[in-house]
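Student: Following this message is one structure expressed as structure tokens.
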Amino acid sequence: MKKLNSSEFRQMFLDFFAEHGHMVMQSASLIPKDDPTLLWINSGVATMKKYFDGSVVPKNRRITSSQKSIRTNDIENVGKTARHQTLFEMLGNFSVGDYFKEEAIPWAWEFLTSPDWLDLDKDKLYVTVYPKDTEAHRIWHEVVGLPESHIVQLEDNFWDIGEGPCGPDSEIFYDRGQENNDVPEDDPENYPGGENARYLEIWNIVFSEFNHLPDGSYVEQPHKNIDTGMGLERVLSILQDAPTNFETDLFLPIIHATEEMSAGKKYGANKADDISFKIIADHIRAISFAIGDGALPGNTGRGYVLRRLLRRAALNGRKLGIDGAFLYKLVPVVGDIMKSHYPEVSDQAEFISKVVKNEEDRFGATLEAGLTLLDDLIDKAENSEDKTISGKDAFKMFDTYGFPYELTVEAAEDKGLKVDKDGFDAEMEAQKERARKARGNLQSMGSQDETLMKIKDKSVFEYGVYEEESQLVDIIVDDKLVDKADGEKATLIFDKTPFYAERGGQVADHGDIYDQEGNLVARVVDVQHAPNDQNLHFVDVVLPLVKGQTYKLKIDRARREGLRHSHSATHLLHAALRQVLGEHTHQAGSVVEPDYLRFDFTSLDPITPRELKNVEKIVNEKIWEAIQVKTTETDPETGKKMGALALFDGKYTDKVRVVQMDDFSIEFCGGTHCDNTSQIGVFKIISEQAIGAGVRRIEAVTSKLAYEYLAGRSDILDQIQAQVKATKVDGIQSKIASLQEELRSAEKQNAAYEAQINASKAGKIFDQVKTVGDLTVIATIADVKGMNDLREIADQWKSEGKSDVLILGAKSEDKANMLISLGQKALDKGLKAGDLIKSVAAIFGGGGGGRPNMAQAGGKNPEGLQDAIDAAVSQLD
């Protein structure tokens, strides 16, 4: 068996399949691109959906990758088991309609057992197969030579997630020996594929050969695929003879760095401490990679997952005696471990550390608030009949303040109290259900479109061309290939086209199609990419079109010009944001429409008005500098050396286009652009807002739309000038300031009048003193506007000491307010204003509360206000 470090093992896997004709694909971002069904990329195959469902045909149908992935469905098990992790790497080889079982199985065996590769002991390898998959069984036994005693048939070996591609699979297990088991040798689960620690699953090969239809039936797919997944960390634990994944070179440096910050704690000395070390090591890996790919802590979605991981790790740091923020110090350690294959963490270590430190500091304040709440919950439980902290309260401690359930239980037991575990579990399950619904179907896979996949005809988009003659090579009507289109709708493919197909945020060109006589035959309303990268023209048919004939394609020139303006302006905006806010700012999405753009980007903090103006100024300065826009076609590596900015979720083919505007902006981009920045004319930001945790959005207009926007604002300014009667535009501000001062003076005078009126009304109210028991009481509905007036009367009542109790109401058409104020005599009798008002507020459709000496409530049923006052008075005796 080879002794390899993590970098050597990862590279060996990729090299093996590269030698077998596979294209090595770089790991995709953890943040899914164009896939709303996924919260995170959670497997290697998650990045292959577009190939397996046929929406895109890869340049090479053989692909291999090492894909970083995140799964958080079993977060509570991380640290407690040998294998659970949130971040992991999935090694995989994939065939998109190329090879199948006859190649996939022997290759897996060769990589695992050949002396040239991993050289694992063949006697320690077992496989499981689906009972009906006799072909896989035969290959394992007859071709590979695996004895029958090492082949286990399991009904579970069928990969099926509902509608879409599915098929049998074969799992490979490594026997770690009974000495590493967690069940007795005679346990019924002690077999490959059972619940035990002896047989470690290291590789799964899925033979995707069927399509699961909506009616529950299965049909063979037109193209059979191979999808495999090997857990890098699991196999590494074998190669490094590590008891668990956490003793490999991927985790130990993080654990050792944590030891140095702890209060003398050592990994391996104490089981409880070991759990904390493992949780910290695992979580900081996931946190670092996720932030590096553009995610930021927040209250929803990915942001919530990050926040939860960070808090769990921080709490475990406290268990190890680490005070204050410390996780941010581990980010460079993670970067050093992974930089050979994933340089993004090391390259962004400063920014990632800053984000983590900020979040740790925030949690420090939250933690203290949580401890205060825990004390309140204990007091509440001590005064309850069942001496129990409710499950809902315990879950709030967990969910809002990051307190593990066990910590709440421990604190309760110290006081002789219990915690409602059933209630807690119910709240937890409800949250998981909400999360499941939010995630959607994490493994959803579309069905293959056989019609589009069969089309092999070339279809070339030609940059810089506005009209040209082209041959119609394919016609699709109602998902079928036909020779003639004479209905209302059709999809057309031409051998070459001036129409840009929607991609990279830029919407498609529109335009017209003419026959050789100059007759309009179709209007192009959309253009999209087919699986084999042809351009699909979606058209409204005007006159019949015939396959094989030549037509003139003519795009809407004005629309294209507007798109060029917006797309080039988007690049300038991206560069300006990075210049003003910092190079950690990443694009998080964009929409490019004619003379309008929407740009989403990552930012920890809100943008100040000054920063936003600076960004806008920089973009316009670059427009006025009349910079030549240079486009170069090259390979990705050369493009990167040129300084081209690669999007964190970008996947690039062998040939890429680099769009350059001097040294200010250099990006990979396949869109259409101006020849010179001066063609943009003018750039105007019309809105900026937060759209999610750490993600903000700018909307802007260019050229004609920018002029129209500014002209509209100028018209509004002229109207305001007329309304405030300013002699010129420059005088509007001073005129408004003068009007505001007049308004403040009038409001002040009005308030004085109202105070006099209320004082007069208060005098009449104070004359209505009556006795209830041994208390003097004023209880009435006052003829005032609302709560502010009631509070003024209460202040006057308090200063004059008119009675022991004041109960006032005020009502309007659809609202009611109530105020109760108690003097010292009433308080000495044990009365509490807050309790009184809570007991009667529902009578007038409201709710409220307050202090023992004063409370207030609001409601929506004014008709019930007098009854509520009477009910409050009745409780005084």
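Every residue gets a Cβ built from N, Cα and C, even glycine.
Take a look at what Swiss-Prot says about it:
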type	residues	note
BINDING	H567, H571, C669, H673	Zn(2+) binding site
Student: Below 8 Å Cβ to Cβ and six or more residues apart, same chain only. Which residues does that give for H567 (Zn(2+) binding site)?
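Tutor: Result: Q506, V592, L597, C669, G671, T672, H673.
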Student: Residues with Cβ closer than 8 Å to the Cβ of H571 (Zn(2+) binding site), same chain and 6+ apart in sequence?
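Tutor: Those within reach of H571 (Zn(2+) binding site), by Cβ under 8 Å and sequence separation of 6 or more, are V659, M661, S665, E667, C669, H673.
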Student: By the DSSP assignment reduced to helix, strand and coil, which category contains C669 (Zn(2+) binding site)?
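Tutor: The residue in question, C669 (Zn(2+) binding site), is coil (DSSP, three-state).
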Student: Would you count the other CB atoms within 10 A of the CB of H673 (Zn(2+) binding site), including those on all shown protein chains?
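Tutor: Its Cβ has 27 other Cβ atoms within 10 Å.
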Student: Apart from H567, H571, C669, H673, which residues in this chain have a Cβ no more than 8 Å from the mean position of the Cβ atoms of those residues at the Zn(2+) site?
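Tutor: Surrounding the site, in chain order, are S568, T570, V629, V659, E667, G671, T672.
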Student: Taking 10 A as the limit, how many CB atoms besides its own sit near the CB of C669 (Zn(2+) binding site)?
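Tutor: Cβ-Cβ neighbours of C669 (Zn(2+) binding site) within 10 Å number 26.
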